[in-house]
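Taken straight from TrEMBL:
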type	residues	note
DOMAIN	A:1-25	domain 'RNA polymerase Rpb2'
DOMAIN	A:62-123	domain 'RNA polymerase Rpb2'
DOMAIN	A:144-173	domain 'RNA polymerase Rpb2'
DOMAIN	A:191-571	domain 'DNA-directed RNA polymerase subunit 2 hybrid-binding'
DOMAIN	A:573-658	domain 'RNA polymerase Rpb2'
Amino acid sequence: MLCPADTPEGEACGLVKNLALMTHITTDDEEEPLRRLAFNLGVEDVSSLTGSELYQPNSYMVFLNGLMLGITRQPTEFVKDFRSLRRCGRISEFVSIYVNHHHTAVHIASDGGRVCRPLIIVENQKPKVTSEHIKKLKQERMKFADFLEQGLVEYLDVNEENDSNIAIYEREIILQTTHLEIEPFTILGAVAGLIPYPHHNQSPRNTYQCAMGKQAIGAIAYNQLRRIDTLLYLMVYPQQPMVKTKTIELVGYDKLPAGQNAIVAVMSYSGYDIEDALVLNRASVDRGFGRCQVMRKHVALMKRYSNGSFDRIGDPPVGAELQTGPSAERFNILEKDGIAGVGERVNPGQVIVNRHTPTNLNANIPINMPIANAPAIQFTWKHAPLVYKSPEPGYIDKVCITTTEQEQTLIKTLIRQTRIPELGDKFSSRHGQKGVCGIIVPQEDMPFSDAGICPDIIMNPHGFPSRMTVGKMIELLAGKAGVLKGELQYGTAFGGSKVEDMSKILIEHGYNYSGKDYLTSGITGEPLSAYIFFGPVYYQKLKHMVVDKMHARARGPRAVLTRQPTEGRSRDGGLRLGEMERDCLVGYGASMLLMERLMISSDQFDVHVCEQCGLLGYRGWCQHCKSSKHMVTMQMPYAAKLLFQELQSMNISPRLVLEEF
Amino acid sequence: MGKKTVTFADDKNSEIKNDYEKFKKSSTAIESMTAPIKNIEDKWQLLPAFLKVKGLVKQHIDSFNYFVETELKKIIRANDMITSDVDPSFWLKYLDIKIGPPERPDTDHDAHQNVFTPHECRLRDLTYSGNIYVDVEYVRGKTRVIRKDTIIGKLPIMLRSSKCVLTGKSDEDLAKMFECPLDPGGYFIIKGTEKVILIQEQLSKNRIIVEGDKKGLVQAYVTSSTHERKSKTYIVAKNDGKNDKITLKHNSISEEIPIVIVMKAMGIQSDKEIAQLISGGNQTFLSMFSPNIEHAAKIKIFTQKQALDFIGSKVKVTRKIANVRRPMAEEALEILATVVLAHVPVIDLNFQPKVIYIAVMIRRVLMALANENLVDDRDYVGNKRLELAGSLLSLLFEDLFKKFNFDLKLNIDKLLKKPNRASEFDAHKQLMQHGDCITNGFVRAIATGNWSLKRFKMERAGITHVLSRLSYISALGTMTRITSQYEKTRKISGPRALQ
């Protein structure tokens, strides 16, 4: 019903859930026919009951959607009859009925919002669905609705499910069995269903993958290149995974994948791979491994104002106007219509849409003035261009000019950046094993196998023991077998290609059964002293990329109020020397450094202090003492000065006592 | 190669057939019992067949379809009459409602008749919505007029729902509309952004839930929910030794009322009958319950009249028009009939079903007092209901429609008050004028995710999310997500008790 793996970590853990693959949620259903049916099946009406009848040992109360209908003396027969009527389609397939022996009650539910799922009915220890039926299904002579109609399959909601005995496999059917599971892997949801061999992984790893699978860059939809979204990440060469699952095929992930099959060598290399860092092959990167495009939307709305004026697109400055001034370059990419041309390279600071807005928005121009007089009004305009602000250059991918509901012109431009993997970009396999790229090594320095295969990724084996992601190892094995045999393998949960079969395929093709290969070092040219676990693993590129996060500043903008450096990359902010870092410096005793970091480099301010009254003055004058006799200047953080003044404003007078130091 | 596989498959099938024949021949009773059950081959093929009709995001679409096709009509039927306080001969009645296909907002001067596609909405920052048409019957002058297909507003349309242009289209047609055939639908497009109404999880309505706390307090409560009313009724037992009365707690009554008094007020006057209803001859429950009966006798409440007076003195009178003051007993009777346990209908003051319902609740409390294991688990999925787009929209529509009708009535009254009108009064014009109220109500709610319904005192934020288009899977992931309603109020319990 609900996916056991897919829940976020941290705050909302266990409160946000996801539906499993085969669940359905009911809608409301008519009560009246059910009520009539219940009475026909021998329910005694409530209004004719007394206490003694209510609690007779073998009488069960009958509830319909929480409302008591009456009692029945043969609950088992009642429920059985009711179910058989449902199975032959006399009542809706989503009506559930179950017995609660603790409360001696039979509950019938037809209300909306119950989770339910289909199961195969088992009668006399035999599932009612046979291979014949499946054959007909394959030939499209039967549909799912037919299975319901013929009483082969039925929906059970949570309560009724608890009242049934459900066998997972045919061989487990015993006398009491009432239902048979359609497929055990449907316990997982659509997102967890992407993981190959999840039943071999430690369970938190599957949960981590569920969170990460949603951040993977890949294909979005077939219309992805026609969309203009605020932010769109697209992978340039996405591949469907070598090791699929049934879920992948069912949800269509093989058609819109988010990742690539990378040849992985599990070995240590160079020391740039500690703490889950990955070593990438430069040649693979050049061939397009992990390459992605980022499309960002920039919108300019041509507003109409209440006084009849409106925004306009100005011509790009021409001739002398363009030649003069240092900002000439800003308008380089504009075409004659004042909008940047498609295909142009946009550098930071360049104008995309040369918009002008009227200066006088309040001037009242009579609306119902004859049009002939209109040119008499002279609007003055000011520049309000749409400027490209991202620190990285991009290319104009698309320009869309349209109108909104309010008849205003809307100009959307889509700017594209192509990103090649670089140091610090985040990658992940499908087993919650994330890592950043630690180094990109030229192919000639990478190890290679006797078949001449070079890995795309080198992964440090220390990632395995503590994570216990055996599924990843099996994925590698199955992937390798699939590559050699030329077919895709399945890693479906509780099923999928067996390791034994995979090993057989490997042996048939002259490889070691365990997936280990003989590798030669690319640096020394000597054989590596161990066999290396080597094969394809599906890797996802995650949306966290270094270019979006990289940030440093020497000097820059300051906040107006405190005069301290601004915060955050988007505001070109400073890097904070925080409380704990401060504690370190205090503990070390580096007082000069502290002074420099916390005041001189931040918000140093010269204040004039009156030694007599201890209050702040201004330009050598103490307004409190009305004199300039005892004034001294000193430096303090602007924030401290601000604090003093704020305290004064609330009738607290902070006084400074100055001493010679 | 192809041939080879075919013959292979045939072999297999004939094998199965042979097996089947053999099985038929030798099917004596004992053998059939002991024979191992054969695996149904490719039984997973049922899954794609299932996913074609249900599952994945179809629940959103089903729910929306149900809302559009059934629920809307029910809401209209429940609020179909508008009358005027000024002119008693005037009335307006809604006969039918339907939702039109999605339409371009500026369609009148846009002569070309191509279809309005979701993709156009995304590109042009429009809302993908269709008109709400109603058929009305009303009085104009002295005649009765029926007007069909009057637009009262616009309803955002869920993609791939029965009203969406994409349903039933082939992949080719979809490609012509710039739509991806793999896109699951189930979301809305509001001002160009794709919005999903998340699945909301909440406790079941109209079910008895018994819970206990560490202090020995056991209570059974029911959240009654009908179209008119939502209320929560508690039956509380404090098991702290000295004060073991069982009481009824409800928002409309200022104090907790001893349960025996409630039962007496509902017309079960004899103590024996009460005892019988609760214990049914069981001695333990009888002895547990007897102090309650004793207490009622102690404060000298024996008859229905006395009990009603007792309750009536504690009823919170919230009615605004207090000009007609009714006797307290009457007030109490009405509250007991319609507000307390509102989902149990009381027809012609026949309290029998409600009394038995209360008796069952008391019984459940007593059982939980006797055996701690019999309290219900609130985190059990069987005690939960998932609310989907359809039911949330129907709540919203009901609220907006009532507001619409209220405004309409005010306006009609205002116009009818004018003594001499130039033209004959036509309510149809008024009907057309208020369209924005419903349209904007929907757009605002879905765009911000704030569901604020005055009628049910419902104030929920974060109902909708932007459909995350980071990857195909993340889009699917937002569609299957379920959020819990109890996040803030709940103490850390069940669902979070993970390692």
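Every residue, even glycine, has its Cβ placed from backbone N, Cα and C.
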Outside the domain 'RNA polymerase Rpb2' (A:144-173), six or more residues from its ends: residues with CB under 8 Å to it: 1, 24, 26, 86-89, 93-94, 96-99, 107, 109, 114-122, 125-129, 133, 137, 179-182, 184
Under 8 Å Cβ-Cβ from the domain 'RNA polymerase Rpb2' (A:1-25), and at least six residues away from its ends along the same chain, one finds 94, 112-118, 155, 158, 161, 182-183, 185-193, 195, 198, 203, 206-211, 247, 250
Counting by DSSP, what is the helix, strand and coil composition of the domain 'RNA polymerase Rpb2' (A:573-658)? 32 helix, 20 strand, 34 coil
With DSSP as the yardstick, break the domain 'RNA polymerase Rpb2' (A:144-173) down into helix, strand and coil residue counts. 13 helix, 7 strand, 10 coil
Please compute the mean pLDDT of the model over the domain 'RNA polymerase Rpb2' (A:144-173). 87
